[in-house]
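Chemist: Quick one: this structure, given as structure tokens, is what I'll be asking you about.
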């Protein structure tokens with residue numbers, strides 16, 4: 001490192017001893033900083049001056065009148081609000097004047113509120129829907145940022161229009177609600193007492209219904225006893241029917257015997273007639289007795305059934321009244337009583353239908369009993385006729401025989417009619433027994449249902465008692481008083497709330513006080529890049545050997561980098577301290593200055609590597625890189641807003657990490673973000689040194705060739721390459737010494753071939769270097785969204801063309817050197833080989849001397865310590 005240090009001291013001494021150099025030094029230190037300072041001050045708080053951006057407003061709104069909200073003029077309301085708003089430079093003119101001012105550039109934008117704006121806006125109130133439009137004119141030619149600001153103002157205007165409309169409607173409706181609410185409160189007060197009275201009356205009615213339901217048990221038991229009595233009466237009538245059938249059979253037998261013996265009646269007439277009369281009287285008496293018993297049983301059953309019907313109909317009527325009373329009280333709406341009421345109603349309908357059927361059958365039974373009575377009467381008449389005829393027969397047999405025969409026929413007919421009536425009565429008795437059984441089952445079910453209904457009614461009475469108590473408690477509670485009070489709305493406060501129902505509470509995370517402070521990382525890093533680039537443009541990059549002696553390529557590289565690093569550190573200190581003097585926000589001034597110094601060294605390492613390895617082409621690449629970093633390092637806009645081309649390059653740019661690290665020092669540190677950013681910057685430095693130290697020796701000849709060609713033009717500033725170069729490779733020297741003629745012929749053949757192709761290759765490179773970028777430019781015009789990709793391809797293609805031209809020039813220069821070697825005689829070639837050998841030996845000897853001197857110094861230091 002001694003040659004490096006000696007070279008650095010020599011260069012510093014040269015600059016210090018030359019007064020004119022101080023002017024350049026000061027310029028190198030301060031001029032790049034001016035870029036950051038001017039921009040930071042210029043962008044310090046630009047949005048505080050938006051009130052000077054002129055925006056013309058033309059209000060032509062005529063207003064509108066609606067039944068619900070009355071007269072409203074939204075345009076006038078908005079105009080009054082804008083006159084009190086100083087966020088933009090609002091001024092009010094006619095519609096024509098506003099549009100002309102925008103076209104002339106005297107206003108950045110114009111807003112025109114049409115004459116039917118309020119009419120359309122309030123159309124929703126009466127059912128007409130026509131969305132109103134505000135005409136917005138903007139001159140995008142005047143400025144790129146102003147349309148965004150005026151656009152935000154237009155959005156604010158739209159919000160104010162909506163707020164004004166909502167506020168007006170809300171105020172009108174709340175006023176009506178308030179007046180209506182007071183009426184509702186009065187109604188509630190009066191209805192509460194009415195409800196309490198109705199609940200009390202309902203409880204009384206339910207109490208009566210409960211007592212009636214409980215009293216129904218005794219009536220149902222009495223009805224069941226009457227059903228048993230009717231069943232017993234029918235059983236008695238049944239036995240009497242059997243006796244009557246026997247009597248009728250005897251009567252029929254008597255009639256038949258009489259008919260058979262009538263022919264012999266004349267011989268033994270007197271005894272026969274007496275026997276006939278006696279038998280007829282006996283049969284009639286028995287039939288009458290049986291018929292009487294039947295009629296008595298039937299009449300008893302009919303009487304019992306009539307009583308049962310009367311009681312059942314009374315019970316059914318009472319149940320119906322109770323059901324209607326419960327339904328009128330709304331009991332069916334209660335889930336616990338609804339099913340019980342439904343069951344009771346169904347059973348009551350079934351009992352009614354059964355009682356109707358029983359009534360019909362009872363009527364038929366009475367009709368049948370009447371038929372039996374008539375038949376018995378006929379039988380008695382016929383028997384009496386027969387007895388009379390028998391008595392008269394004693395006096396005149398011949399005259400009375402037809403009468404006897406007629407009486408027998410009547411008696412036979414009466415017996416047949418009586419037997420038919422008995423059959424009908426027996427069928428009706430079976431139906432009557434079935435209906436009585438069904439009625440008994442229905443009475444049992446009705447009794448159970450009535451008991452359940454009585455329980456439900458009792459529970460309902462308790463519920464109504466609780467409800468009555470709750471209503472009394474509610475009437476005196478704070479809640480109902482609060483509800484009454486809430487009806488007294490404040491229309492003005494409601495209108496104010498509806499105009500802006502929400503507000504945003506902003507809590508800045510890592511707050512930055514000013515816009516200039518937020519832009520400091522970008523402008524400072526740009527200034528550091530510009531400063532580093534100015535160093536490689538103004539100062540020489542090649543190191544001479546004066547006062548230093550021979551130096552290797554690595555030593556030369558490090559010597560000049562260290563000199564430039566001193567300037568870069570000075571630039572970083574100047575620009576960062578200047579930023580602090582301006583008043584930018586920082587959480588750590590020391591970290592801010594240190595970050596600037598680290599970033600400056602990083603940018604210098606990259607720029608110096610490109611400039612020394614590729615000279616003019618490398619300097620051009622430095623310009624390209626900084627152009628790509630401005631949009632691609634998220635200095636202005638979030639990287640997510642950038643095209644995919646820049647998002648791809650974002651993690652590769654050093655600006656990305658320099659800006660992020662400086663933002664940490666401005667807004668605040670989070671986790672290890674600062675350490676990671678500084679670490680990536682260190683990686684960029686390491687990569688730059690690796691490329692510069694490893695690649696530069698292989699590009700010496702190429703740089704020498706480019707420098708020589710540029711010097712021939714007389715227009716470009718070029719610097720001779722001072723890195724030791726091997727103009728002839730050792731393999732080439734050995735090939736010449738081995739077979740000079742053969743090597744010369746081989747080189748001549750390659751030279752001729754290359755010279756034939758060289759012009760065509762240069763023309764092809766020139767053509768493709770123009771045509772392909774032009775084609776990419778056309779494609780970028782037709783597809784605007786792909787412009788960043790086309791730009792990237794354009795840069796890559798230009799670099800490829802440059803690399804191709806460098807390669808063919810490198811081949812040409814190599815062939816020229818080989819041709820020069822073939823023109824030398826063998827003795828010159830041997831002398832060249834000897835110099836190469838002596839140079840290597842001297843290099844090794846120099847290394848040995850350095851090692852020995854280092855050992856002597858260490859021994860001397862040890863001796864002095866002892």
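The backbone N, Cα and C atoms fix where each Cβ goes, glycine too.
Just so you know, TrEMBL annotations are computer predictions that nobody has curated.
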Chemist: With the ranges 489-512, 561-584, 705-728 to choose from, which does TrEMBL describe as transmembrane segment?
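Modeler: Range annotated as transmembrane segment by TrEMBL: 561-584.
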Chemist: In TrEMBL, which of 460-479, 620-639, 640-659 is tagged transmembrane segment?
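Modeler: Going through 460-479, 620-639, 640-659 one by one, TrEMBL gives transmembrane segment for 620-639.
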Chemist: Check each of the ranges 590-611, 832-853 against TrEMBL and return the one annotated as transmembrane segment.
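Modeler: The range carrying the transmembrane segment annotation in TrEMBL is 590-611.
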Chemist: Any idea which of 420-442, 673-695 is down as transmembrane segment in TrEMBL?
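Modeler: It is 673-695 that TrEMBL annotates as transmembrane segment.
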Chemist: Averaged over the whole of the coiled coil (185-226), what is the pLDDT?
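Modeler: Looking only at the coiled coil (185-226), pLDDT averages out to 62.
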Chemist: Check the transmembrane segment (561-584) against the transmembrane segment (21-44) for contact, please; criterion is three or more CB pairs under 8 Å, pairs 6 or more apart in sequence.
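Modeler: When sequence-distant Cβ pairs are counted, the transmembrane segment (21-44) touches the transmembrane segment (561-584), since at least 3 lie under 8 Å.
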Chemist: Compare 21-44, 620-639, 673-695 by their Cβ pairs under 8 Å to the transmembrane segment (522-541) and return the stretch that comes out on top.
Modeler: 21-44
Chemist: So what's near the transmembrane segment (673-695) in sequence-distant terms, Cβ-Cβ under 8 Å and 6+ beyond its ends?
Modeler: 553-554, 557, 591, 595, 598-599, 601-602, 605-606, 608-609, 612-613, 654, 656-658, 660-661, 664-665
